[in-house]
Ligand SMILES: Nc1ncnc2c1ncn2[C@@H]1O[C@H](COP(=O)(O)OP(=O)(O)OP(=O)(O)O)[C@@H](O)[C@H]1O
Ligand SMILES: [Mg+2]
């Protein structure tokens, strides 16, 4: 009985997960290989055959590849600074965490108000006399500006979540290791590189996995700032499901996002693996 | 050349004073042992010398250079931490090599030094392991090896052998002493173990309540304690103390016996337990507990109602309740001022 107890206690949560997560998941997986009542891979071939697919796929990838490293670098820097603070640490954490409380659509709209034709940036440029009249920044001629705006909005919105995780992780590293590094001649950078970073691996794993998965699911910010100018996997899923009424193809997109997420999760777990015995 | 000078160093944590104006000079290549009860400020002093703690007031000089504003890595020291601080994410080899890697030493020299110090500390078979796979005593030896591998001018060791079994400790102690003497290192060594302190030290600094009470060579500290605390802390069993009544002209009456003593208003009589022998005339002692220890017999007795210990020859086996007369060796009697607690 005592050995069964933990499983018994996990039962309600497991049942909940099965009902509301596993079931819809199986449903989607099923939909992606079902067309007109027969099992087929046609949904996938339709998806891959569409001219927007590879654009959407690569846009998503490139966006993640740009956003996540910037966020990682910023979160590490900010976390190091916050950890060193003697006082006012929690206040600063709260301030940094404010964007976390804003939904991604709202974040997209905030940045839209900066970049749109009647927006803040244009007023500023006109006011300073750099341009004569407001310019269309987020037009189809300059998708790179849309891209930059999305990167900015994403960095602004979701860096704090990584930082909070990393601050917690740094707090878990006993002070004595930093002191030993100091005594044995490590410079600040060496201490960070040779002691803090390796001991932060478990938190880095969590933060990166969370961020990378969210980056592959980027949607509202992209739609708010770019409309259909910059297709990503998630916006295509939405498009196929609701505009095209092609449930199967939308499900195929969802499976692709899932596949990519799982692959990167495994990759991150591998890369940041801490050998047994080397744990803190 | 690495003389360490500590000038009027004080340290307060909030309202608590951990160190009261400590003055201490450690000569080049000297082996200085810090000895004192738990919480008396040994680690705090060591951490101030290392630069891990800033003194509230005072100065620290190493090798003729004022260092108390310098970060630890610019002080030319290595340290064995009381809690080891062996890096969990590195193997034993990389732990020992850590300081050498920071100096960007070439691989051949790193390997040579790691192997040499690992062998010295008997951990050469553990080089590939992580710290999580070591016992406490093994981890402690990694910490010592890491410091030795640096071949620094100054080495600070905070109870480096505390976690080893008696036999291994004896062996390590001898090896440490040899290696440090050979490499001409100035050493500050914290220990709780008096025997270790006596056997290793050129000089012992006895600390009490954030002060250095006496800094002298081991025999001096043992024979001529500068304060009552030193006598009561050093020696196993420690010194005996008895009340003394002035009997005029530098004579003092102790438990009915009269001894020559200092010319002072008040004094306390002190004698080491091994400086007593049974005699016709002497301090009257009522035996309470008899402990035959092999080489000698330890007697716990009561002299004029005060606790009193004596170490006697092992063929003497009195019974509890017996009355003994214990005569002190005259030139081993010490006197302390009851008010200031210092030696007279
Ligand atoms: N960071 C700190 N904050 C407050 N008090 C401290 C701090 N560090 C040490 N102390 C206090 O200072 C005193 C001296 O501590 P220290 O660690 O130097 O003792 P120690 O002689 O090394 O003892 P032990 O033999 O037990 O290691 C202790 O009373 C301790 O409680
Ligand atoms: Mg200590």
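Using the three backbone atoms N, Cα and C, a Cβ is placed for every residue, glycine included.
Summarising the annotation, TrEMBL assigns transmembrane segment to A:7-26 (among others).
The feature transmembrane segment is assigned by TrEMBL to A:56-79 (among others).
Here TrEMBL flags A:57-268 as domain 'ABC transmembrane type-1'.
Marked as transmembrane segment by TrEMBL: A:91-114 (among others). Counting residues 6+ beyond its ends, the transmembrane segment (A:91-114) has Cβ neighbours under 8 Å at 78, 82, 85, 120-121, 138, 149, 152-153, 156-161, 163-164, 167, 219-225 in the same chain.
Remote same-chain residues near the transmembrane segment (A:144-168) are listed as 63, 66-67, 70-72, 74-76, 78-79, 82-83, 93, 96-100, 102, 104, 107-108, 110-111, 114-115, 137-138, 200, 203-204, 206-208, 210-211, 214-215, 218, 221-222, 225-226, 229-230 (criterion: CB distance under 8 Å, separation of at least six residues from the stretch ends). Annotation comment: TrEMBL describes A:144-168 (among others) as transmembrane segment.
Annotated transmembrane segment per TrEMBL: A:208-228 (among others), in sequence order. Outside the transmembrane segment (A:208-228), and at least 6 residues removed from its termini, the chain residues within Cβ reach (under 8 Å) are 60, 63-64, 67-68, 71-72, 103-105, 107-109, 111-112, 115, 138, 143, 146, 149-150, 153-154, 157-158, 161-162, 165, 234-235, 238-239, 257, 260-261, 264-265, 268-269, 272.
According to TrEMBL, the transmembrane segment annotation covers A:248-272 (among others).
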* Structure fact -> Same-chain residues at least 6 beyond the ends of the transmembrane segment (A:248-272) with a Cβ under 8 Å from one of its Cβ atoms are 28-29, 31-32, 34-35, 42-44, 46-47, 57, 201-202, 204-205, 208-209, 212-213, 216-217, 233-234, 236-238, 240-241
